[in-house]
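Quick look at what TrEMBL annotates:
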- 21-43: transmembrane segment (TRANSMEM)
- 55-74: transmembrane segment (TRANSMEM)
- 110-133: transmembrane segment (TRANSMEM)
- 145-165: transmembrane segment (TRANSMEM)
- 177-205: transmembrane segment (TRANSMEM)
- 211-230: transmembrane segment (TRANSMEM)
- 250-269: transmembrane segment (TRANSMEM)
- 275-299: transmembrane segment (TRANSMEM)
- 320-341: transmembrane segment (TRANSMEM)
- 353-372: transmembrane segment (TRANSMEM)
- 384-404: transmembrane segment (TRANSMEM)
- 430-449: transmembrane segment (TRANSMEM)
Amino acid sequence: MTSNDFPDRLPPMLVKELRQGMRTISFLGVFMALQIILCLILLSATLGSTTGDSIGNVISITIFTILSIAVLILQPLRGINAISSEVKSNTLEIMSLTRLSATRIVYGKWVAIVSQTALLMSTIIPYLILRYFFGGMNLFGELSLVLIIFATSAALTAATVGISATSSVILRNILPILFAIMAVIALFQFLSFSIAGPGMSLFYVFDSGEYLIPIISYLAAITYIGWSCLKAGSLIIAPSADNLSTSHRLIVIGLSVVALGLSTLDQFNVEMIPIMFAVIMGPAIAIALSESSIVIAPVREALQKKRYVGRLGSSFLLPGWQSGIVFTIVISAIALAAIFIRPSPLYLLDRELNATLMIIVSALFPAVICNLPRNTETNRFDKYLLYSLATTILGIVILALAAASGDNIKWVFIWNPVVLMSEMDKSSEAGIIVAWIGIYLFILFLLAIRNAKQHRLITEQVNTTPEV
């Protein structure tokens, strides 16, 4: 090993990605542009005659704005083709013949980009040290902001890397752009708060629960969402012999139980319960209801070894979208229990109940559309996301037409979750939403029964195929 090579203890996938990524024009261009812009900013501030807290705050805002554009937009977008490029070059199958599992491949891609992001962020430390001499600097606040930006960048990178495993060009291009747009909107909102408010670093001082709890909640949410995206990417490229679903569902159920316990605390805001379970249930249901129904015999037998416990657990822990239906019911029941177990005023109970039910119905509807065709074993996660996106766009168009024409045409499209949500704003009755949830679950069970014979034949064919 040469002195300028990576250590042998690093994973080979990470070394491969770091070698390739740090030589690309995109990384070198962002790196050099960031240094040049920051140097010009500090040089201009140094040559100027203005001093005091105001100029220091302006310098901080400018530095973090440039940094945010680099690590919240440009760096995550580099993960768009992280997995799909391996599929196109037919190297994914070669890597699967080694000890690299699907999880290690996906995580290696993610860690490589995040490591380059960390390198970019480490280069702003000298500029922050120089910025100290302009006054008005909150050291711990701005260092906390650096960590928050890094965590957000890591989560956005996880989302793009996970989506890159899909075969749909539309998803790989549209969803990252949507993430970038949301990041830009959040950035401008933050800047408006920083300029008009008490300063950018004051908000990130961890000396008060008023700021500490929201920041911890935000970090926990983006960590879970990023992990879910990486898990989805691993499930897409994983072979049938790798059972990644059982551990994923057990973790989600455990987190749901923890969320249920948090919702019983008096200090916990009851209005945050639907948001908390939306973060937990949304990705989990999308993954569970879009899994392939092919389950090879060793995976099934390993889960059913413990007779009654194994059979009961396999009903919602076994890979496949059929067991995903039962899994959806389980975590939905936990979410609804969190609403009813917490004593709250009636108007809050109705509102939070409707919000939780809308989360469930919004996750079920794309699964129904996805499973209507008979041959739906390929690209299921792609189809689920595409149907979700199309359903949302259709609902927005219907609401816009109804608002423009004044006709009450929305009830014709009440099956659309977006339209249903708009109607629920006018009523506190949850019966309509419960009825649609029951209809969608009933249809999914019918589709599972209809496809049972076909899935059994496919599974038997896979089980009897000799391994190479």
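Glycine too: its Cβ is placed from the backbone N, Cα and C atoms.
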**OP:** For the transmembrane segment (353-372) and the transmembrane segment (430-449), check the count of CB pairs under 8 Å (sequence separation 6 or more) and say whether it reaches 3 or more.
**Re:** yes
Subject >> Contact ranking winner - 55-74, 145-165, 211-230, 250-269, 320-341 against the transmembrane segment (21-43), Cβ under 8 Å >> reply: 55-74
Subject >> Residues of the parent chain within Cβ reach of the transmembrane segment (250-269), under 8 Å, 6 or more residues beyond its termini >> reply: 224, 276-277, 280-281, 284, 317, 330-331, 334-335, 337-338, 341-342
**OP:** Using a Cβ-Cβ cut-off of under 8 Å, list the residues of the same chain that are 6+ residues beyond the ends of the transmembrane segment (211-230) and lie near it.
**Re:** 106-107, 110, 144, 148, 151-152, 154-159, 161-163, 203-205, 255, 272, 279-280, 283-284, 287
Original post:
Residues of the same chain, at least six outside the transmembrane segment (145-165), with any C-beta under 8 angstroms of its C-beta?
Top reply: 64, 67-68, 71-72, 75-85, 106, 109-110, 113-114, 117-118, 121, 124, 128, 171-172, 175-176, 179, 183, 200-201, 204, 215, 218-219, 222-223, 225-234, 236-237
